[in-house]
Amino acid sequence: MASRQSFACYTMALMLAAAAVSAQLSTDFYDETCPDALDIIESAVRAAVSKESRMGASLLRLHFHDCFVNGCDGSVLLDDAPGFTGEKTAKPNKNSIRGFEVVDDIKSQLEDACAQTVSCADILAVAARDSVVALGGPTWDVELGRRDGTTASLDDANNDLPAPTMDLGDLIKAFSKKGLSETDMIVLSGGHTIGQARCINFRARLYNETTTLDASLASSLKPRCPSADGNGDDNTSPLDPATSYVFDNFYYRNLLRNKGLLHSDQQLFNGGSADAQTRAYASDMAGFFDDFRDAMVKMGGIGVVTGSGGQVRVNCRKAN
């Protein structure tokens with residue numbers, strides 16, 4: 001009982017801290033210091049997504065993976081440096097996370113427009129929103145003013161990012177550690193309505209979870225994901241085979257038909273506490289969009305450094 005109470009107090013403290021940080025951020029942060037910042041980011045994101053539709057999901061994922069590891073501080077963008085090994089080679093990120101060149105391009109344009117003003121962490125937050133919009137999803141006002149961190153942690157990336165093998169209870173705990181509720185977890189998982197997953201992350205489900213995986217989907221996946229470990233590990237398949245490059249609610253519709261690609265996906269509709277919300281989103285895209293907006297703003301406030309803390313990196317790949 002004591003440990004349960006301690007965890008509840010810890011979670012409440014995180015939520016209060018996130019609320020306090022959110023109050024320090026503002027949607028008009030760059031209106032005076034870099035008035036073209038949002039237009040520059042939006043234009044670059046639209047160009048990148050137009051060139052490769054998958055890039056939208058990649059940029060959304062960068063923001064998520066940034067915020068879940070020591071807060072939204074742009075640490076996911078840092079290359080290895082003396083004193084630390086970065087997050088890019090962590091197990092959830094290696095051969096998987098992408099979009100760094102797009103961020104580099106955005107940062108270069110912003111430095112030309114207003115030197116050392118717009119943080120890399122804010123670039124990720126705005127690019128995530130613009131990526132969702134570019135693929136047909138909802139928009140929201142992004143709160144700005146994050147500062148960039150100067151270090152990264154391979155160990156924290158390995159430990160804090162939710163794994164595709166997690167059961168529902170572990171997913172709830174992983175999000176709760178970041179001050180996010182079960183409702184937040186279910187709606188943020190809806191980001192999997194776009195993007196791809198590597199064979200290595202769904203092979204076990206494909207060959208061992210036959211009772212909860214649609215047979216026709218399984219048959220279509222097996223040619224690109226052989227059963228032998230090491231064979232086709234990096235081959236990708238869409239998380240939402242119905243509308244792979246459209247941000248909609250088909251992710252939840254798929255779950256009702258046992259078409260969740262990852263084990264962690266199907267956990268949202270598997271006879272547990274997430275079933276009702278998953279079913280609701282499957283029939284109410286507007287409701288999903290509304291909740292997704294709110295959850296993205298909430299996630300964007302995790303562990304944020306503002307004011308004189310941190311720095312504004314000139315190059316997103318390394319500290320100044």
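Glycine is no exception: its Cβ is also placed from the backbone N, Cα and C atoms.
Those TrEMBL annotations? Automatic predictions, nothing curated.
Per TrEMBL, the feature signal peptide maps to 1-23. Marked as domain 'Plant heme peroxidase family profile' by TrEMBL: 24-320. Taken from TrEMBL, the feature disulfide bond covers Cys34-Cys114, Cys67-Cys72, Cys120-Cys316, Cys199-Cys225. TrEMBL lists Arg61 with the feature site 'Transition state stabilizer'. As annotated by TrEMBL, active site, proton acceptor applies to His65. The Ca(2+) 1 binding site annotation in TrEMBL covers Asp66, Val69, Gly71, Asp73, Ser75, Glu87. The substrate binding site annotation in TrEMBL covers Pro162. Residues or ranges marked as heme b binding site in TrEMBL: His192. Feature annotation from TrEMBL assigns Ca(2+) 2 binding site to Thr193, Asp240, Thr243, Asp248.
Projection of TrEMBL feature records onto the structure.
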{"residue": "Cys34", "record": "disulfide bond", "Cβ neighbours (10 Å)": "17"}
{"residue": "Arg61", "record": "site 'Transition state stabilizer'", "Cβ neighbours (10 Å)": "23"}
{"residue": "Asp66", "record": "Ca(2+) 1 binding site", "Cβ neighbours (10 Å)": "31"}
{"residue": "Cys67", "record": "disulfide bond", "Cβ neighbours (10 Å)": "29"}
{"residue": "Val69", "record": "Ca(2+) 1 binding site", "Cβ neighbours (10 Å)": "29"}
{"residue": "Gly71", "record": "Ca(2+) 1 binding site", "Cβ neighbours (10 Å)": "21"}
{"residue": "Cys72", "record": "disulfide bond", "Cβ neighbours (10 Å)": "29"}
{"residue": "Glu87", "record": "Ca(2+) 1 binding site", "Cβ neighbours (10 Å)": "28"}
{"residue": "Pro162", "record": "substrate binding site", "Cβ neighbours (10 Å)": "20"}
{"residue": "Thr243", "record": "Ca(2+) 2 binding site", "Cβ neighbours (10 Å)": "18"}
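Counting Cβ atoms from all protein chains shown, Thr193 (Ca(2+) 2 binding site) has 31 others lying within 10 Å of its own Cβ. Predicted-model confidence for the domain 'Plant heme peroxidase family profile' (24-320) is 97, expressed as mean pLDDT. Considering only the recorded positions His65, Glu87, Asp240, no residue lies within 10 A of Cys120 (disulfide bond) on a C-alpha to C-alpha basis. Asp73 (Ca(2+) 1 binding site): 29 other CB atoms within 10 A of its CB, across all protein chains. Long-range Cβ neighbours of Cys316 (disulfide bond) (same chain, at least 6 residues apart, Cβ-Cβ under 8 Å): Gly74, Leu77, Leu78, Phe100, Val103, Asp104, Lys107, Cys120, Ile123, Asp148. For Asp240 (Ca(2+) 2 binding site), the same-chain residues lying six or more positions away in sequence with a CB closer than 8 A to its CB are His192, Thr193, Ile194, Phe250, Tyr251, Asn254. Under 8 Å, Cβ to Cβ, and six or more positions away along its own chain, Ser75 (Ca(2+) 1 binding site) finds Asp66, Val69, Gly86, Glu87, Gly149, Thr151, Ala152, Ser153.
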